[in-house]
Amino acid sequence: MDLINFIKICHLLYDRKYVVGSGGNVSIRDGNHIYITPTGSILGFLNEEDVCIVDLNGNIIKGKPTSELNMHLKIYQNKDCVNAIVHTHSMYCTAFSALDKKLELFTPEAEIVVKKIAYVDYSPCGSLELAENVSSCVEDSIILKNHGIVTVGKDITEAYVKTEVLEEIAQLNYIINNLK
């Protein structure tokens, strides 16, 4: 299990302001175990000892996992090919979600990395409804109304890159819309 890269990605999310304060959460799957950020954690200050462990049924092995545990579990239970999940409250994506504006994939990188974006109506944070709505999406990049984004991948780096490209696309949409 590569917790060093997991921690590095958490720090990048914080350093690049994709999360602020104790917002956002990250997980990776290793067999029947999920390594996930703890509730109330500041991703920029996270270390290996802080990471929680649960099994695929939600039984807690170590720590107190994020309140979005149900969402992570449902995604892993519904998608065998997913081994990493990144959930952020990145500013531009969240702003577009609040306005119900769809993002255009302006760059070739976005078309390759993001491909298509799913949009999920608002559900309360940590709710089973949110978990079910997100896990039913076939897309790997999901924008949550008034909440943020979820990206998934075969590994933590892939999920992170989707987060980065999705937020860049939101910024480009903002700039292009304001230059028209």
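Glycine is treated like the rest: Cβ placed from N, Cα and C.
Quick look at what Swiss-Prot lists:
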type	residues	note
BINDING	Gly24, Asn25, Thr39, Gly40, Thr66, Ser67	substrate binding site
ACT_SITE	Glu68	active site, proton donor/acceptor
BINDING	Glu68, His87, His89, His147	Zn(2+) binding site
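This view paints the features noted in Swiss-Prot onto the structure.
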residue	record	Cβ contacts under 8 Å, 6 or more apart
Gly24	substrate binding site	Leu13, Tyr18, Thr37, Leu43, Val86, His87, Thr88, His89, Gly148
Asn25	substrate binding site	Ile36, Thr37, Thr66, Glu68, His72, His87
Thr39	substrate binding site	Lys64, Pro65, Thr66, Ser67
Gly40	substrate binding site	Ser22
His147	Zn(2+) binding site	His89, Thr94, Ser97, Tyr122, Cys125
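In this structure, of the binding-site residues Thr66, Ser67, the smallest number of CB atoms within 10 A of the CB marks Ser67. When each of the binding-site residues His87, His89 is scored by how many other Cβ atoms sit within 10 Å of its Cβ, His89 comes out lowest. Neighbours of the Zn(2+) site: apart from Glu68, His87, His89, His147, residues of the same chain with C-beta atoms within 8 angstroms of the site's C-beta centroid are Gly23, Gly24, Asn25, Thr88, Cys125, Leu144, Gly148, Ile149, Val150. Listed in sequence order, the residues Ser22, Thr37, Pro38, Ser41, Pro65, Glu68 complete the 8 Å Cβ shell around the substrate site centroid, once Gly24, Asn25, Thr39, Gly40, Thr66, Ser67 themselves are left out. Of all the Cβ atoms in the protein chains shown, 23 others lie within 10 Å of the Cβ of Glu68 (active site, proton donor/acceptor).
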